[in-house]
Amino acid sequence: MQFVLHKTASGVTRARRGTVHLNHGDVQTPAFMPVGTYGTVKGMLPRDIEAIGADIILGNTFHLWLRPGTDIIDKFGGLHKFMHWDKPILTDSGGFQVFSLGAMRKITEEGVTFKSPIDGAKVFLSPEKSMQIQYSLNSDIVMQFDECTPYPATHDEAKKSLELSLRWGQRCVDEHKKLGSTNALFGIIQGSMYADLRKQSLEGLLEIGFDGYAIGGLSVGEPKEEMIDVLDYIANDMPADKPRYLMGVGKPEDLVEGVRRGVDMFDCVMPTRNARNGHYFVTGDVDNAGVVRIRNSQYRTDEGPLDPECDCYTCQNFSRAYLSHLNKCKEMLGAQLATIHNLRYYQRLMQGIRDAIEQDKFDEFVTEFYSKRGQTVPELNLR
């Protein structure tokens, strides 16, 4: 992997424009990665994902390991051929999914024992096993196995958790090298909401050495102000010559705020999940902060496109009234068209950000973004 930093925005922001060169292609940053949990972005054919402009998608190590299993994916030479996607893939390590199991799991120094959510069977996942699974998947970016610190956590709990993740991180690097993988391996910064612990985690990861660094343990129930606070004091301390990835955070305004603080990569289920629930992101809707809730009665007879500024297949061919009808009838096509639009909205947002950075107009872009949503630009408190 190679990361090329092309430009840093002028002004007070830390926005960056770059390219991540990976085994299956290049990723233009800042980038948003659609989530394909089971080897599919819900409701999207691979050609649809390419058409909306995505350079990279995310797969889920935990779920793909349990079903269909790496024995089957191995027969295809990895996840790319299995799902007919020839561009880059990032896979998470399974750490967040294990965290979400709650009482169904037991964490030790060696790894995590848990009951399979599929059949209740006892399963063990370790740093080494996570690396082996991701090696079989042949993902372009492999994530270290970590413990996602719950929120809220005491300082002592967060410290013990991050130190366990650091020890696991070293084991991940050792196993990654042992396997002879040529794919990139990213470390994950933990430490809950504590500035000193986030710094300790980052310093520990830098000592181990990774190809890129991610900010984990956010979007787990904390107030948005605390999430932004973490970004304010940790993002700029991350190496400038490596990609910076904010995990699982994905409201449009969160992406903009992350970029303002120097983040390069994002992922979230929000655009696809919200699409299935009738919430569509649009460029300009002052009254509704950039969201059309298609189930509202006002759209039943609306002949206009979902978003007049959008170039996606949905907006170019269908009315809000038709989308309202499909949603009301729970038609499969409705969810598919909504997903196409929401993911295209996210890719257009990131393209606009990249163009603005290149043209030294990022501050103007941010002002216009919030203005179209009827919001004021949040204050930057960089440290």
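Positions of Cβ are set from backbone N, Cα and C atoms, glycine also.
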Query = What does Swiss-Prot list, out of GLN28, GLN170, GLN190, GLN200, as binding the same substrate as ASP92, SER93, GLY94, GLY95, PHE96, ASP146, GLY217?
reply = GLN190
Inquiry  = Can you find which of HIS325, HIS341 Swiss-Prot lists as binding Zn(2+) at the same site as CYS310, CYS312, CYS315?
reply    = HIS341
Request  = With Swiss-Prot as the source, identify the stretch among 220-226, 248-254, 297-303 annotated region 'RNA binding'.
outcome  = 248-254
Inquiry  = Restricting to the record's substrate-binding residues (ASP92, SER93, GLY94, GLY95, PHE96, ASP146, GLN190, GLY217), give me the longest CA-CA distance in Å as a whole number.
reply    = 15
Note = A correct count of other C-beta atoms within 10 Å of the C-beta of ASP92 (active site, proton acceptor) gives 31
Remark   = Integer Å value for the Cα distance linking SER93 (substrate binding site) with ASP267 (active site, nucleophile) is 14
Helix, strand or coil at HIS341 (Zn(2+) binding site) [DSSP, three-state] = helix
Helix, strand and coil residues within the region 'RNA binding' (272-276) as assigned by DSSP = 5 helix, 0 strand, 0 coil
Message = Of the recorded positions ASP92, CYS310, CYS312, CYS315, HIS341, which one has its Cα closest to the Cα of GLY217 (substrate binding site)?
response = ASP92
Inquiry  = Counting other Cβ atoms within 10 Å of each residue's Cβ, which of the binding-site residues CYS310, CYS312, CYS315 comes out lowest?
reply    = CYS310
